[in-house]
């Protein structure tokens, strides 16, 4: 046995092994993991056309086997959460070795660790990776960064076995939990429970049989869970039932989801978000809400860009219960809530905020599609001037009358104002009756009961078709009657006394032998103006369908508007499970779809995730639950039925108005917009570095529309090619990595919940050209808007509330719409000092006003001096129409923290509040106005419409704090604290020593000091970090004798850190030199206030204070903690931190911290935040911390799984979905892609047991080597012996005796890991040997195992030819991580040994002691401990039985607890028990 190898374990260790093994055998339970799991349909086999076999997992390895077997678990795969691919045989996830520069990474099966990036795959590129790693025959790959068009390259060789579907055909969709203790968070699949892995919802652990899942990876560790949604035909579990209407309701008070997530959760239960269509239903809901305090999502939304408010379940919007002043801000708040505080009143809110929600369903409802409208036109007799349709007669009354007079006129003719009950009837009225008339009365009104619309003829309201933002003013008694207007026949509520034409309707007289009118169609064909339609019932290929229609003198069907779509859907209603060919195709595989006639596609009705990613294909209509939706199918192999359409020439009835006229090619573009001679539109990119200038999709759409433009739509490759070139001219043609995470909103979206998850362009252009990035796996339920990715020049699905840049598009020859056309609005900019100002008299909300200012490269005005205030006041008196008129200025509170900010980012150094203003800080954003006749300010709701003032300046503002002083000149007295080149002292520990501001300043002057001046975030961080033991507020040197704040030395205020709602003190008098408002630093226990500033009365309050003076050159400086030396640990409060100063990705930093028995840092409070700010500023580099976002989400959590009680986000953050967080040099938290390399990170060193590792690997490391432990890192173990200075040969021998080899380094991350650990030994050795040799046969360097050196990190001047010889050895420097060549003899270095992780040693009889007496003792101890284990198990199971026996079926519990107060329940404890405990 070589020296250094661990000695044989003594017999007590064998005893413990015996006990554990027998105990495990005793506790083990039969049955394969997941036996109780729900059978899942999304399991598939992966087939390779190139290798002619299926992917199989065996023993941790992956291979392709020619024997495909659908019943063999090792070949069964499924997509699971976080883009991982799960194998049902191994119960593991597909992955590779840790990614590095080595391209020969091994493919294998790994534990499904949540954080491991090497387990994540994109379904579109999985085939490429499998071909590369398994050696399948491949074709060329398109060059990164080029403009692709969704082509399948090597991925096309990999398909789902038994079909032609690609590997994205069975994607994973998030499953949102109900009840439990996870606030509605989605399941984490797979998850571990009771040492078993589950790849779906399970009933294991529950005797009631209800399915549940964990919402974190390991239930046993976190105990986070929820019930799984199930589709059932009853309302027994989790539902309240209204016996009168037979509707069922589910109140999810403890969940917090966005509107779209809540809608998906309801849909997963065969339900929808709550719709309220009757007063009785509102009353019933109010009764269920009694006693609760909550705001909950309902199905009301305004997400259809071409329509108005609607219910997500397609119920008619006929009853409304808006609160007063609602809906407001309709352009940005598109989803509805019901509020208990207003007795069930409704409000509109931003759809992205997280709230509880209510689901609704009808029991015994099926998944069958809604029955189609009746389109058959039965013959009826009508009087002259009346026109027949479906048994009724209709007439246009051209004379303009009020609604009541119009109704009387209809009654005199034997009818009533028209009622509309279907899309078919609406089409007839729009085409045949309305014709060219712009707006007419219809019979809908709410005259009898406010907010409850009904038809004047008494018929049931079963169909509504509102205009965008309508109905919006129903609460006004003057808007009780409804009109129909516009080319699509949408509806608007209007004042009843308005004079308009109208439409009458009455029952018709059935004709003798009344039969359907055929309008000349052949037998078996169906008429719909202006064509005849025929269903071909044979299943044929696309070319055969074309030929068959041609043989009948017709063509495959074209669909040009929503009316034709509704009619065609009615034709195929009874053909469930079938497909029908249409004339839409991409036969040439261009990526653009066209009708066979060559016409452009002006209307589309795609199914979810269609038209997909591949180019080419032909379009068929689906049936069943996807009735009438369009899907792309293979033109040659897929067989479907077909629909022929035969035009009868001249339309019998007028057609709908066509789309807007096609713009001219000769029209000019507005200034600043670009175009190409072949394009009919002009384009402009709106981009800014500032987060506050970026916009959500809805805001970007509004910004374009305010200019008279639309968000970019792309109808062809040529159009997108021009836009790509335009972007390259602006941002440069760099490598894709340079432009990573730079996205631009385009108009493509699937926000409308009634659109079947179909992508649509916001400007109404048909979605016929597609270029989605096939490497993205973004087909989940919540990414409803699309972006153009600058790096790949392709499209990516994104959450609509993400703040991004955008691109607008406007027709040639169109002028950009100015915000104000009045003479006053067109006044020139007025100049004052170094800025220009413009006064806009038209009224806008605060956000709209700010947006208009940005069009002129300006902002809403900021005010920084009395002179500037006087200038504004003087001009306001000229522009204002009333003395008390209010004008918006740029001051506003942030929604994230309630702090006041100027829109231009300038410092708040001047205030002019009116008496009683500003109002106390609340949860709603506040915006500030200036009064015309007085020089004072007030705050009010930002949605109020006011005139406003814009300001622009060419003066550049300092954005970064100044550099640190190079050295501290001198030191501080013993009772003072030194920070850089200043000394500080906190006074006021005793209550009697707390004084007024002037007395504090005098006390400091007596010590040759002054009250502290805080000039940058670094000094502020030092002050805040000094506050944990301070229990009182502290005066600082900031004060205001006039209206502007300044420091005691009359230094201008260049940095501020005001608390939420501050400065808010009384405005100082304009005259007088004595300070009346002075600032304190708050010690508040609230994280939002700690260390912030507040302005207080200088003469009426007493506080502690902080004195400051310069260092004394005669004194020695204190040891400087900043910047810290490499490898040093810093202690603060109860925490210890290690700073990593290396180029690291986030996951690399996490691994490196874990190799130090630490984790990435957790920031629990503003004190620790201030301490880390000093560290980041001292190193002059951003630092990773342990806060990361869930995949594709802006939900962020600590890797240490601590609660997220404190955050330090920069405004607008977290911006990056699924990103990682760093502390920037100014202390603010920002997010970026986890793959970004930053130059440092912060580890939080645990004082207790090592934290659980977030990334796991097979095997373990030996217990120890002499006096040095083995350190695990990825797949290997390392032992550092830098105290031993050995020659190269001796180092090799020592590592061989330990079972390993001298250090080899295979990629950059491994080099960083070694370098980080070597820095701890920098004083003992200048470096460590590398196990590298020169191979004279190949003339190359090889590692000790003869593998080639594919990665290197040579220091200057590099590796010369003279160093490539048998006599050369190589080493790594401790202080730099660089590699050096040198001689093999007469040089000694430290030793680092490396060996692969080993599997846990199995139990072996040879490990038992040989002494018979010892054996007897072992066996007796085993029996004794086994008896104890058995007793414990019986008690445990009895307790389980008691817990579960108290609950026979999960009962629905409507709890009013907030999420933070919600009781966290183990899955084995029933809801009933928890309710009883609370009572």
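Backbone N, Cα and C define each Cβ position, glycine as well.
What Swiss-Prot records for this protein:
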type     : residues  : note
DISULFID : 187-213   : disulfide bond
DISULFID : 201-228   : disulfide bond
DISULFID : 266-359   : disulfide bond
DISULFID : 335-351   : disulfide bond
DISULFID : 410-504   : disulfide bond
DISULFID : 704-808   : disulfide bond
DISULFID : 785-800   : disulfide bond
DISULFID : 853-950   : disulfide bond
DISULFID : 927-942   : disulfide bond
DISULFID : 1078-1098 : disulfide bond
DISULFID : 1220-1234 : disulfide bond
DISULFID : 1369-1384 : disulfide bond
DOMAIN   : 528-644   : domain 'C-type lectin 3'
DOMAIN   : 1132-1243 : domain 'C-type lectin 7'
CARBOHYD : 69        : N-linked glycosylation site
CARBOHYD : 140       : N-linked glycosylation site
CARBOHYD : 364       : N-linked glycosylation site
CARBOHYD : 588       : N-linked glycosylation site
CARBOHYD : 954       : N-linked glycosylation site
CARBOHYD : 1029      : N-linked glycosylation site
CARBOHYD : 1350      : N-linked glycosylation site
REGION   : 1450-1479 : region 'Disordered'
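When the alpha carbons of residue 359 (disulfide bond) and residue 228 (disulfide bond) are compared, the span between them is 15 angstrom. Counting every protein chain shown, the Cβ of residue 1029 (N-linked glycosylation site) has 9 other Cβ atoms within 10 Å. Annotation for residue 213 (disulfide bond): spatial neighbours 175, 177, 187, 188, 189, 191, 198, 200, 201, 202, 225, 226, 228, criterion Cβ-Cβ under 8 Å with sequence separation of six or more.
The two recorded residues, residue 1078 (disulfide bond) and residue 1029 (N-linked glycosylation site), show a Cα separation of 23 Å. Residue 800 (disulfide bond) sits 47 Å from residue 410 (disulfide bond), taking the C-alpha atoms as the reference points. When the disulfide-bonded residues 359, 504, 1220, 1384 are compared by the number of other C-beta atoms lying within 10 angstroms of their own C-beta, 1384 comes out lowest.
For the recorded site, residue 504 (disulfide bond), the DSSP three-state label reads strand. Non-local neighbourhood of residue 588 (N-linked glycosylation site): 616, each in the same chain, at least six residues away, with C-beta under 8 Å from its C-beta.
When the alpha carbons of residue 69 (N-linked glycosylation site) and residue 1029 (N-linked glycosylation site) are compared, the span between them is 68 angstrom. The Cβ of residue 942 (disulfide bond) has 21 neighbouring Cβ atoms from other residues within 10 Å, across all protein chains displayed. With the fewest other C-beta atoms within 10 Å around its C-beta, 1234 stands out among the disulfide-bonded residues 335, 800, 950, 1234. Geometry remark: residue 504 (disulfide bond) versus residue 942 (disulfide bond), CA distance 44 Å.
Take the Cα of residue 1234 (disulfide bond) and measure to each of the disulfide-bonded residues 266, 785, 1369: the nearest one is 785. Candidate recorded positions: 927, 1098, 1350, 1384. Nearest to residue 808 (disulfide bond) by Cα distance: 927. Secondary structure of the domain 'C-type lectin 3' (528-644), assigned with DSSP and counted as helix (H, G, I), strand (E, B) and coil, comes to 23 helix, 38 strand, 56 coil. Across the disulfide-bonded residues listed here (266, 1078), the residue whose Cβ sits among the most other Cβ atoms within 10 Å is 1078. Within its own chain, residue 704 (disulfide bond) has 710, 711, 806, 808, 809 as residues 6 or more apart in sequence whose C-beta sits under 8 angstroms from its own.
Summarised by DSSP class, the composition of the domain 'C-type lectin 7' (1132-1243) is 23 helix, 34 strand, 55 coil. The Cβ of residue 1098 (disulfide bond) lies under 8 Å from the Cβ of 996, 997, 998, 1039, 1074, 1075, 1076, 1077, 1078, each of these being in the same chain and 6 or more residues away along the sequence. Among the recorded positions listed (266, 785, 853, 942, 954), 785 has its Cα nearest to the Cα of residue 351 (disulfide bond). Residue 927 (disulfide bond) sits 15 Å from residue 950 (disulfide bond), taking the Cα positions as reference.
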